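Visitor: So TrEMBL says this about it:
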DOMAIN    104-308  domain 'BAAT/Acyl-CoA thioester hydrolase C-terminal'
ACT_SITE  Ser132  active site, charge relay system
ACT_SITE  Asp226  active site, charge relay system
ACT_SITE  His257  active site, charge relay system
Amino acid sequence: VRLELFDGFRLVTTPQDQPLASCEVERWYVGPGVQRVPIREGRVRGALFLPPGAGPFPGVIDLFGGAGGLIEFRAGLLASRGFAVLALAFFAYDDLPRALAQLDLQYFEEAAELLLRHPKVRGPGLGVIGVSKGAEVALAMATFLPQVVATVWINGTSSLHGNPLLYKDLRMPPIPYFIERILITDGGALDNSAVFADPRDPAYAPSAIPTEKIRGKVLFVVGEADRSFNSKLFARLAMARMSPENCRLLSYPGAGHLIEPPGSPLCSASSIRGSPRPILWGGEPQAHAKAQEHSWQEIVQFLEVQLGGAATMKL
């Protein structure tokens, strides 16, 4: 990021407008010695971030949402705090399907087994962190995969939406998206908040993830100004089916959908793959920044407690 100081307000600068002072700031997402290993084994595609040293380190799978592809910055930051982190792609990357048609939970099980087989990863359990669609996947992994003992769910759902879930002989149907309910804001972004049907409708009961089966711990992180969907409702529905000692809710007034590590700017709307217009995510700058600062510390501590201590390098 280049910062420039001028002697007055400049909406547009010209070559004649020279700054009084300037500097460049770099933010590093990996600490010294962190290793990135591309993963292309079996069906699994992603990148494994390993802290320096012999290990073994607690293992974490990192998932993002509807943007698809491979997103790595959070995995690098967690690896800098002493975790072995697999940034996992599940569509629109390499030779994976270009669009997400279904959630094949055996793909995610294969990724979990791959991570736990690594000589620098300490088992027998691992953690999963996911946001948006990735949080939906993470909750399903916590429900059906015994390897998952700690889950961080960030502004996700507690029911399947848009895509069925397949796992061995199980097939769970999704709640359909009601695309005709999309609104366009004055700024030209798509407001998807009305696209989601009420998950409490008895007709959609077969789509609810049976979180009462979860035996590990789940940390729910909610932005109350999330304009993508009512994430607080989904968190409460998931928690209502769980043992109280297995779950905890962090709910932040004024925070939007994309709660990321501290230092990340508020992204209240952005373009994503497959969308004709930017998507509205919501959030108020100051409240969102505070939520990111607080939740990141809580997430790291939660993973350390549930997976065992990690050698930390502050970043």
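Glycine is no exception: its Cβ is also placed from the backbone N, Cα and C atoms.
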Visitor: Just counting, how many other CB atoms are there within 10 A of the CB of His257 (active site, charge relay system)?
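Guide: I get 28 for this one.
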Visitor: Take the Cβ of Ser132 (active site, charge relay system) and count every other Cβ within 10 Å, whichever protein chain it belongs to.
Guide: 24
Visitor: Taking only the Cα atoms, work out how far His257 (active site, charge relay system) lies from Asp226 (active site, charge relay system), in Å, as a whole number.
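Guide: With the alpha carbons as reference points, the distance is 4 Å.
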Visitor: Near Asp226 (active site, charge relay system), how many other Cβ atoms are within 10 Å of its Cβ?
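Guide: A count of 25.
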Visitor: I need the CA-to-CA distance for Ser132 (active site, charge relay system) versus Asp226 (active site, charge relay system), whole Å please.
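Guide: It is 11 Å, counting Cα to Cα.
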Visitor: How does the model score the domain 'BAAT/Acyl-CoA thioester hydrolase C-terminal' (104-308) in terms of mean pLDDT?
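Guide: In the predicted model, the domain 'BAAT/Acyl-CoA thioester hydrolase C-terminal' (104-308) has a mean pLDDT of 95.
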